[in-house]
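Enquirer: Let me begin by handing over the structure; questions about it come next.
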């Protein structure tokens, strides 16, 4: 079916913005020029990696290392040389892309891979009053949804479960799952070769409340060798340097001495199987059994892991030395020696704690939060984005839908299920007429810098917040102007008279966004919990129906701790996925779902927390699929 003359003319004249030029973005850009869009701007911060080439078809091997946005533009122009495409190799969170920039467009289309950038684009489109089409894929699952100010839920109307963090004492003392050992190994990489972080300590946690032991009595029983490194060292990196990064000394310290020290914490092992220390010299020259499979899918034996550990430490040591004094390495799942190190260290720790060891492929999947990216899923989702865009440009936004792509047909034999868009949530802290939240924290222990970075930026998605205390004086607590309030950073909130019931006004002028924060003082937060947002849904979701089984966790595929493709600051995140009318019972590599009642919709649990956020069902007048929200699926590129 051809486009009407009026719509075709509209396509050739209107300006649209594509945010992200990865898996979905490449397909989308190709679709747009072939559909007749002539004025397109595309932005992406990333450069092309070899691992992109299996699904991002606008890129070739010769493009590796070049800007995704620029190469995508050049490749798309080959489909339609008359198109006018502008490419930005930049972060969408750069202040240059302000509300006026967004107002140039009649439509914005997201092809992103992280929640922080999604939050930001959501707010910019709300501020500019421009329709936004949100999208994402995870393996065989996908989703497209339209966001329009005042008409639909915004991206942040429904709370998203936060990424799971593991208690430090679990990581350091009592790992019980392979992921605990993999997190420990990534921490170890940073402590030895990267940026040291006090929150990523890998040595035994003597403050473990469960251990409840007397260090003075047990210290004598710990047989850690001073020669191989003192367990009471202050800095892991400093100690490693003093050994010359000797792989054998590192090994015996981490996998023998520290484990023997853990064994002195008697109470930890009363109801658990105690760990078994390893000794390099006893394992030396052990035999390895060859496996008939791909190298990455082999599960090495203990001595094989020892050799891999030794080789990777030597390689990383050389890389560090070549960079000069004070240099730091950044862990990257696509860097072979870094991945070898984490694979070896994690597997050795798994063996010590009586877990089945994993292949390098499995460790990489967990360490990098990867689901295999499926090219056809990206293609289907990109096609749906354009179809929804055509409805908007035809003036038929009320006929737009949230569309869910399932792995298996639902009870009506459909893979694609449309749902009517929900109206805005009255309690949304972003698109409500007067956004307001209540945050529970300890004013005597929460520093101003933590309020800025952990609460306002990380939790509430602000880029450059300004904060004033509603104390009748308009006291400025945080200024986005560099240097103005840096002296406040390490002071506690209580130092500024902030107490239970205080109110703060946080403004982000880039996002044209103001948030009122009610402070609820408490001294009863759980250990390692800095703050809580009162009344959040994921912790209070109603229980699932009895015919629903728990579904496997789903993780995204962007680089953990690497810069996301369109955001210079935002950490990558794990988002939830909604399954609609699914009767899929098969366990997939990335997800599975139990049978659902016809006309119901529910989320997969979050990638690591396993939490779900169940919402009300609402019947579509056409008796098609249930109406519900526009929850996101995180893209994998």
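Counting begins at 1 with the first residue displayed.
Yeah, the Cβs are placed from backbone N, Cα and C, and that goes for glycine too.
Keep in mind that what you see is a predicted model, and the values were worked out from it rather than measured.
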Enquirer: Tell me which range among 166-197, 198-229, 230-261, 262-293 TrEMBL lists as region 'Disordered'.
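Expert: Of 166-197, 198-229, 230-261, 262-293, TrEMBL gives region 'Disordered' for 198-229.
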Enquirer: For the binding-site residues 20, 23, which one has its C-beta crowded by the most other C-beta atoms within 10 angstroms?
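Expert: Answer by Cβ density within 10 Å: 20.
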Enquirer: Please report the number of other Cβ atoms within 10 Å of the Cβ of residue 114 (ATP binding site).
Expert: 24
Enquirer: Have a look at the recorded positions 54, 114, 186 and say which one has the shortest Cα distance to residue 253 (SUMO cross-link).
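Expert: With Cα distances computed to residue 253 (SUMO cross-link), the winner among 54, 114, 186 is 186.
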Enquirer: Which Cβ among the binding-site residues (54, 91) has the fewest C-beta neighbours inside 10 Å?
Expert: 54
Enquirer: Could you tell me which of these recorded positions, 117, 169, 186, 253, has the fewest other Cβ atoms within 10 Å of its Cβ?
Expert: 169
Enquirer: Reported as an integer number of Å, what is the Cα distance between residue 20 (ATP binding site) and residue 186 (SUMO cross-link)?
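Expert: Given the Cα positions, residue 20 (ATP binding site) is 28 Å from residue 186 (SUMO cross-link).
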